[in-house]
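A short worksheet on the structure shown next.
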Amino acid sequence: MDCRKLAREIVDQVGGKENITSVTHCFTRLRLVLRDRKLADKEKVSRLEGVISVVDGGGQFQVVIGNKVEQVYDEVTKLVDVENSAPDGEKKSAANAVFQVISAMFTPLVPAIAASGLLKGILTAAQLYMNSKGVDITGSDTYVVLYAASQIIFYYMPIFLACTAAKALKTSQFTAMVLGGLLVYPQIDALMQDAGTVTRVLGIPMVKGAWQIGDAEKVFSYTESVIPIILVVIVLKYLEKFLKKVIPEVLQVILVPGLSLIVMVPVTFGVLGPIGIYIGNAIQVAYNAIIGFNVILGGALIGGLWCVFVAFGAHRALVPVSINDVAVSGSQTLMAMSSPANFAQGGAALGVMLRTKNRQLKSVAASTSLTAALAGITEPALYGCNLRLKKPMVCAVISGAVGGALIGWGGVYAESHVNGCLLTSVAYAAGGMDKFLIYLLGCGIAFFGAAILTFIVGFEDDPTEPEGSAGKLVMPEATVETADICEEEVPEKVDIRVTSPVKGKLIPLSQVKDEVFAACALGRGAAVIPEKGEVVAPEDCEVSVLYDTGHAIGLKLKSGVELLIHIGIDTVELGGRFFAKEVSQGAKLTRGDKIVSFDIEGIRQAGYDPTVCVIVTNTEEYRAVAKAPGNRAEEGADAILIETGKGE
């Protein structure tokens, strides 16, 4: 197969390179996102030599190619400027680009920030309790060490942000981290506090000063700051790009970072740092002005709409506002007012569980309700339950708004950025017991209000919903241009037995809810509805292919059978979430060795079918390949039966 020719033909038949906004691939499929789907000719693409079939659905134009997909992908990317292409509408693409960069900067830090906030909340609660007993614990060694642990990520925020921002902007991470470390270096901070003395760097004066925060005056300090280092990394990116153009490649490894530091140090303290301080202060003042206009209305809007932001992923763009608020004023109210939204999602899912007659949906609703309320992770409840059923989502928005309004009225705050859930609730005791009780009341109203409303209002319930459909995000129906569902072959004799790599329910490929697998377009075999999240070697074999995401594995068995094990349907879109690779590509395995671990419930709750397809990709080399009799797949039990001899 001529991969270059096929790539050109695919690009031509989908409307040309201008019609392609992004290109990705999984184990067998080239996945295109098109500006105008009407320009793509599915019939012509499906007839191209080397194309097995075409699937058009789920927002992607999928061209099934098989084991040559990576080579075809490489050729397509040479023809299409995927880095600079984007959906129509310059304003929208610019906003999307900014959002993606902001998300890439802050998302990796959120778990550590949340953990630090939880620890600080526990210390605050312990301090309040011991103070009520007349005991001061703030001087104890344990308190001092734990308090330092809770403050580290905030105090050294410029260093952490330098790392993530440089990675997001594709510039030197370690040079950026040096500049971030410079901002929080103790002697530098001491110079910043000495406003009466002029300090110069290469003749450029360091800008010092102070600003008013309410009735208090705060001196310039870059510890805990957010905006200054982001500006520094942005300028560093373009400076390094310029230096790499003018400096010979052989000298770049030393001169580029060296000259970057020499230029950036005075620019940071004389220009970018002060601008960043003022921008951060302006953001905090603007936020306070908006919320201060009417704290009840502000709380209602945040508490009600936060879950809508989550549905579109827009909530990540608001994380910097909360973190900046902590850096500037020492506390934040945004996450306090958004907390009822998390509890409301959990409550709505609880209402679904109590009302539905569908056992599968009841199970999904129960687990996602607990996840949302206990840990503040709302996506499973949102996508797998409430948004799909519509009315529970409305009930959650209403209840979240009521809870948010109460918390806004109460002026609840935390001294760190922390997501709202039961595990982190103690962080909101920072303002005293009265505000803490208001916080608990607001979250309780959101949770139980959403549960009761959902139970009363109801939703369209299907007690006979097929197994595996609950928790599945509804997507447009896909259509495939390929053969009809393949019929089962019956081997006259069994020469090779392939045991199941997964434990669960054994089903024919024809029952898989994916037209390509069901049509045996990639080869014959069997499928397993998994009960245990492990894939093991069915016999002695070599790992010929192992995707970075862990969702697809290629094995060459000792018997000569080439096996594709594909975990889930469209799970490449999860980007590796819920999968853990236990071996590497090229590894030699013995029967029973673990290859990949995966979270079955996590995949389901994210809206995907976890069915594992086990396919003999060199089916054409055999006379017959068929699913083994029975409906149980056990490790070591037969899953596929093969009759040798050239297939006809």
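Cβ coordinates are placed from backbone N, Cα and C, and glycine is handled just like the others.
These come from TrEMBL:
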ACT_SITE  C26  active site, phosphocysteine intermediate
DOMAIN    4-86  domain 'PTS EIIB type-1'
DOMAIN    93-471  domain 'PTS EIIC type-1'
DOMAIN    514-618  domain 'PTS EIIA type-1'
TRANSMEM  101-123  transmembrane segment
TRANSMEM  143-162  transmembrane segment
TRANSMEM  219-239  transmembrane segment
TRANSMEM  251-279  transmembrane segment
TRANSMEM  285-312  transmembrane segment
TRANSMEM  393-416  transmembrane segment
TRANSMEM  436-459  transmembrane segment
Criterion met for the transmembrane segment (101-123) and the transmembrane segment (251-279) (at least three Cβ pairs under 8 Å): no
Beyond the flanks of the transmembrane segment (219-239) by 6 or more, those residues with Cβ under 8 Å of it: 105, 154-158, 161-162, 165-166, 169-172, 175-176, 179-180, 183-184, 188-189, 192-193, 195, 207-210, 260, 263-264, 267-268, 272-277, 279-280, 283, 320, 323-324, 326-327
CB within-chain contacts under 8 A for the residue listed as 'active site, phosphocysteine intermediate', separation at least 6: V69, Y547, H551, A552, V572
Confidence summary for the domain 'PTS EIIC type-1' (93-471), mean pLDDT rounded: 83
Non-local residues, at least 6 beyond the ends, that sit with Cβ under 8 Å of the transmembrane segment (393-416): 113, 116-117, 120-121, 124, 150, 154, 291, 295-308, 326, 330-333, 335-341, 343-345, 347-348, 351, 382, 386-387, 427-428, 430-431, 434-436, 438-439, 441-447, 449-450, 453-454, 457
Composition by DSSP (helix, strand, coil) of residues within the domain 'PTS EIIA type-1' (514-618): 14 helix, 43 strand, 48 coil
Residues in the domain 'PTS EIIB type-1' (4-86) grouped by DSSP into helix, strand and remaining coil: 32 helix, 22 strand, 29 coil
